[in-house]
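Asks: Let me give you the structure first, and then I'll get to my questions.
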């Protein structure tokens, strides 16, 4: 582990072994491929690498209901018939549904959630400027309901951690799907601004994220939605991404940023319809990084596992300010990257349904909404107790021993 590094990286080698099912598009195996590429390129030598622990029930219930978390803890494929009413209530385990029951489901949730929670804590204590948790980014999960392959909303949990100590957090989502779970959690507060660039229309999941959805009450205009159409390419995407994000940072002046990097917005994804390349996707990451605000970077969607590994490897290199060779070195998943064995692939020959007139209208309306916010909101902060763990002491534990020194959660102090 490089002690001088300001970029920390959370990973558990077991997480790639969880299995949603044979025909399910979500494949946690993509995380093992990404991590293996990281090792092949030697990027781990420039990162502070931590093995993810199991998040506690207390941490998960800072957002999720106790009843829902208890259900996730108890359910498994063998006893599902004992929970018929709860399966329907919590949107889990329906035949052919998005959110199956599988072996180790609760541990899987605890692993991916802990990387985002602990990443936030590393940023809060100044131990890192950037924290990466590619296993996280499951942005659809609701307070008491699974949704869109997501059971626990690690992003909301991380943002709540930030809000105990810092006044404002901006959430930016470049997944092809609307970040509905995160937006819903903070829809009526002015302490979190949610900014989502996503496909909208044609009954595309989750069906939310219209440009007119802008928050409510104290949170009015703090939900920013940029609805896009199929086929958008790198140049068109960045032409709308750049001015919107610039205006958000100028107006909101966030203390921290959470960037969700779902790769289903790339060309060749099984479920998306965009036409972004790895370079175009990473350009957005680089732009957000350029503001110099403490930054938690998480994964998200991505259903072409080869594209996922390519993209998150490249974006890790961008976050480290290190160039990597386009030619993929030999690794455990070498054959997956045939026949070109390269990180970068050209876009597809697809029509871009986002014509300049449409993008101009969307950009103008979004910027008009943001202009309703004259300046960053002031926050009346109450006295915050000290962190319930010693950072230096925690760092002395073996990062490869799960559950060595637990991190206790404190009360939720966000207003």
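First residue shown is number 1, and so on along the chain.
Heads up, the Cβ atoms here are built off N, Cα and C, so glycines get one too.
Caution: TrEMBL annotation is automatic and unverified by curators.
Okay, these came from TrEMBL:
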| type | residues | note |
| --- | --- | --- |
| ACT_SITE | 140 | active site, proton acceptor |
| BINDING | 98, 148, 303 | substrate binding site |
| BINDING | 175, 177, 264 | divalent metal cation binding site |
| DOMAIN | 24-318 | domain 'Histone deacetylase' |
| REGION | 392-415 | region 'Disordered' |
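Help me picture these features in the structure, burial and contacts included.
Replies: Less than 8 angstroms from the CB of residue 140 (active site, proton acceptor) sit 147, 148, 149, 150, 153, 177, 179, 180, 181, 206, each of them six or more residues away in the same chain.
Packing around residue 148 (substrate binding site) is summarised by its Cβ count: 21 other Cβ atoms lie within 10 angstroms of its Cβ, all protein chains included.
Residue environment of residue 264 (divalent metal cation binding site) contains 25 other Cβ atoms, counted within 10 Å of its Cβ in all protein chains.
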Asks: Highest Cβ count within 10 Å among the binding-site residues 98, 175: which residue is it?
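Replies: Top count of Cβ atoms within 10 Å goes to 175.
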Asks: Note the mean pLDDT of the domain 'Histone deacetylase' (24-318), expressed as a whole number.
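Replies: Mean per-residue confidence for the domain 'Histone deacetylase' (24-318): 97 out of 100.
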Asks: List nothing but the largest Cα to Cα distance in Å, as a whole number, among the residues 98, 148, 303 that the record says bind substrate.
Replies: 13
Asks: Tell me which residues of the chain lie with their Cβ under 8 angstroms from that of residue 303 (substrate binding site), as long as they are six or more apart in sequence?
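Replies: For residue 303 (substrate binding site), the qualifying residues are 25, 26, 27, 264, 269, 270, 271, 272.
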Asks: For residue 177 (divalent metal cation binding site), just count the other CB atoms lying within 10 A of its CB, please.
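Replies: Residue 177 (divalent metal cation binding site) is surrounded by 27 other Cβ atoms within 10 Å.
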Asks: So which other residues, same chain and not among 175, 177, 264, have a Cβ within 8 Å of the centroid of the Cβ atoms at the divalent metal cation site?
Replies: 176, 198, 199, 262, 265, 271, 272, 300, 301, 302
Asks: List the Cα distance (Å, whole number) between residue 175 (divalent metal cation binding site) and residue 98 (substrate binding site).
Replies: 17
